[in-house]
Structure formats: C-alpha cells, structure tokens
Amino acid sequence: MNGTEGPFFYVPMVNTTGIVRSPYDYPQYYLVSPAAYAALGAYMFLLILLGFPINFLTLYVTIEHKKLRTPLNYILLNLAVADLFMVFGGFTTTMYTSMHGYFVLGRLGCNMEGFFATLGGEIGLWSLVVLAVERWLVVCKPISNFRFGENHAIMGLAFTWVMACSCAVPPLVGWSRYIPEGMQCSCGVDYYTRAEGFNNESFVIYMFACHFIIPMCVVFFCYGRLLCAVKEAAAAQQESETTQRAEKEVTRMVVIMGIAFLICWCPYASVAWYIFTHQGSEFGPVFMTLPAFFAKTSSVYNPLIYILMNKQFRHCMITTLCCGKNPFEEEEGASTASKTEASSVSSSSVSPA
C-alpha cells in the first residue's frame, strides 16, 4: 500500500521514515509546503467572498419582489440554499483547517464538514435535475396541458432533500465514512480504503450510480430534447426573428449548463472513481485536492447560470441594488418585449425561469 491508513484517516504517503502523523492532531506539512495550505485557505476565502453575497442576494431579491415567487423559482431558491449550505457548512471549515495545515476540528468536525459539503452539493445537483425535468415537461409537452404549479414545486423540493440526505447521511451512521482527503484539510467520502465494517465498496458504487450517472443522464436527456423542440419551432417559422433569437438563447443556455455540469463534477468523480478502483496505488495529496476544491466553485457559477440569466430576476436584482430604481430599465424593457410569441415554444417556457 502506497499510503498510511489509521483510525478514520488515510494519508497518501508511506510511513517509512516515521513522519506521517494523524491529520486530526498534527500539521501535514510533510505532504506539501505550508504555502500550499495558505493558498487553499485564500482560495476558500475567495469562494466565501463571492458565494455568500450572490446566493444571499438571490434569496433576498426573491423575498422582496412578489412577482419572483413563482413555483419554478422555488427550485432556484433551493439551489441558492444548497450553495449557502456549502459556504457555511463546508467552505468556512475548510478555510480554517487550511490555515492550520491539518484538520484541527477533529473527527466530529470532519463528519460535519463532510456532511454539509455533501448535502449542499447533492441538493444543488438534484435541483438541477428537477429544473431539467420541468423544462422538458413544459417545452416538449410529453404530457399535454401540463403546468408546473406550486404542488409540483413542493414535491420537487422534497425530492431534492430526500435524495441529498440519502447520500449525505449514510456515512454518518456506518455505511462508509467521512475522512480527510487529499492534503488532509477537507473531508469527503472514503474512496481510499476497504475499512472493515464500513462497506465502503457498496456505498461508493451506490453513490456513483444513483448520485452521479443517473442525474447526469437525466439532465442531458431533458435538455437535449429541449434543444430539439426549439429547433423544430424555429424551422416551422423561418421568418420569425424572435423565434430565431429564442433558439439562439436556449442553445447558449443548454451549452453552458452542459459544460458547467461536466466541468464541475466530472474531474472530481473521475479522480474519486480512479482512487476507488486503484486502492493502494501511488498518488500524491494534490491529486484529489485539486478536483475536490475545484468542484466547490459550483456555489459561485450555479447562481450565475441558473438565476442571473433570468431577465426578470436580473431586473429585480438591479432595482434592489439601486434602491428601487433600475437605470437600465429601458434596455431591460426592450429586451423583455422581444420575447418570442411562437405557438410551440415561447421564451417564457424556454428561459431558465
């Protein structure tokens, strides 16, 4: 084995010289330089600095403007809540531990950080699935006369929380476990060991199948069908400039959604799966740290993609920030007026909200 396994930890370094210590008790500067830990701390501070205001603003603007309190926006708010879970439950803890060079908060702190980070990430992921399914049902109309109402939104919210808890809770109760990973200053699911009594193998397979592959397939199926529907509507009305504009806007949105999803989760999932299938092989501490920390950026670009691309929300946000006046109101109004009125696909049913 090219690492050192101990009670509730796995350090990716063989303890041939006797320098490896528990990441709960001692700084891990023998893995990488102190400057690397300082850089991680600064990175987490930047994510907090960006992630908290934009997600809090999302909640505040929606509460302040009654016209934003629509069923679909409940799911978007759920996405912001998930990101705030990650910011407060995960990012602040990771910044603090990075500044110390080890997981100074101990085993309990590791469980809490791993739980909140996983919960927030999973709520966000399944919220995107619900959004994708809603867009597919409304735009492609596999069920005639379907309207996404408040009851559907509540069921969608409940679904995201149930699925998130079904992934984040088991490691707390003995099906797998949370341990420090990478540079040992953040915690995640144990992909590294076959710890007796924790059934890590079955949980990791369950997690990848039910909480990565399935949601990814659903998202790309739904938005693939959405794109086809928009193209069909545009082809049926070749001379409609507004329909062509709708096609372009939706195409851009779909491409951004797909790329963001892959960029956020595929590196982390791929590295985690590699480590799981090559347990005992040699890999450095940075190997898992980089994709794990990069995946955390979803708390920043999730609201940018799924909320700030909403023209109505952007108008309300500017109004809130400018004390009740929108200096770009004329431009926003012209943009809103240009929304497509195509019978098959309207921009109100194609836009993110």
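Cβ coordinates come from backbone N, Cα and C, glycine included.
Beyond the ends of the topological domain 'Extracellular' (1-36), by six or more residues, the same chain brings 100-104, 106-107, 110, 177, 179-180, 182-185, 190, 192-193, 195, 280-288 to within a C-beta distance below 8 angstroms of the stretch. Annotation comment: Swiss-Prot describes 1-36 (among others) as topological domain 'Extracellular', evidence class a curator's inference.
What Swiss-Prot records for 37-61 (among others) is transmembrane segment.
Within the same chain, residues 131, 134, 148-150, 152-153, 312-313, 316, 319-320, 353 sit at least 6 positions outside the topological domain 'Cytoplasmic' (62-73) and bring their C-beta atoms closer than 8 Å to a C-beta of that stretch. The topological domain 'Cytoplasmic' annotation in Swiss-Prot covers 62-73 (among others).
Among the features that Swiss-Prot reports, transmembrane segment is placed at 74-96 (among others), with the record citing similarity to another entry.
As annotated by Swiss-Prot, topological domain 'Extracellular' applies to 97-110 (among others), with the evidence given as a curator's inference. Residues of the same chain lying 6 or more positions beyond the ends of the topological domain 'Extracellular' (97-110) and with a Cβ under 8 Å from any Cβ of it are 8, 23-29, 34, 37-38, 40-41, 44, 178-180, 183-187.
Note: C187 (disulfide bond) has non-local neighbours F103, C110, N111, E113, G114, A117, Y178, I179, P180, E181, i.e. same-chain residues 6+ apart with C-beta under 8 A of its own C-beta. The feature disulfide bond is assigned by Swiss-Prot to C110-C187.
The transmembrane segment annotation in Swiss-Prot covers 111-133 (among others), and the record cites similarity to another entry as its basis. Listed as Cβ neighbours of the transmembrane segment (111-133) (distance under 8 Å, sequence separation of 6 or more from its ends, same chain) are residues 72, 75-76, 78-79, 81-86, 88-90, 93-94, 97, 105, 156, 159-161, 163-165, 167-169, 171-172, 178, 186-189, 211, 215, 218-219, 222-223, 257, 261, 265, 295-296, 298-299, 302, 306, 352.
With helix defined as DSSP H, G or I and strand as E or B, the topological domain 'Cytoplasmic' (134-152) counts 10 helix, 0 strand, 9 coil. Annotation comment: Swiss-Prot describes 134-152 (among others) as topological domain 'Cytoplasmic', evidence class a curator's inference.
Non-local neighbours of the transmembrane segment (153-173) in the same chain are 71-72, 74-75, 78, 82, 111, 114-115, 118-119, 122-123, 125-127, 129-130, 134, 189-190, 203, 207, 210-211; each lies 6+ residues outside the stretch with a CB under 8 Å from one of its CB atoms. Under the heading transmembrane segment, Swiss-Prot lists 153-173 (among others).
Using DSSP to sort the residues of the topological domain 'Extracellular' (174-202) gives these counts of helix, strand and coil: 3 helix, 8 strand, 18 coil. Look at Swiss-Prot and you will find 174-202 (among others) tagged as topological domain 'Extracellular'.
The feature transmembrane segment is assigned by Swiss-Prot to 203-224 (among others), with similarity to another entry given as support.
For 225-252 (among others), the entry in Swiss-Prot reads topological domain 'Cytoplasmic'. Taken together, the residues in the topological domain 'Cytoplasmic' (225-252) have a mean pLDDT of 66 on the 0 to 100 scale.
The transmembrane segment annotation in Swiss-Prot covers 253-274 (among others) and is backed by similarity to another entry.
Under DSSP, the residues of the topological domain 'Extracellular' (275-286) split into helix, strand and coil as follows: 5 helix, 0 strand, 7 coil. Among the features that Swiss-Prot reports, topological domain 'Extracellular' is placed at 275-286 (among others).
Per Swiss-Prot, the feature transmembrane segment maps to 287-308 (among others). Distant neighbours of the transmembrane segment (287-308): 12, 40, 43-44, 47, 50-51, 54-55, 58, 76, 79-80, 83, 86-87, 90-91, 117, 120-121, 124, 128, 131, 181-183, 186, 188, 253, 256-257, 260, 264-265, 267-268, 270-272, 275, 314, 317, 352-353; these residues of the same chain sit at least 6 beyond its ends, with a Cβ under 8 Å from one of its Cβ atoms.
Positions annotated as topological domain 'Cytoplasmic' by Swiss-Prot, on the basis of a curator's inference: 309-353 (among others).
With helix defined as DSSP H, G or I and strand as E or B, the topological domain 'Extracellular' (1-36) counts 3 helix, 6 strand, 27 coil.
Take the CB of C110 (disulfide bond) and look out to 10 A: across all protein chains shown you find 26 other CB atoms.
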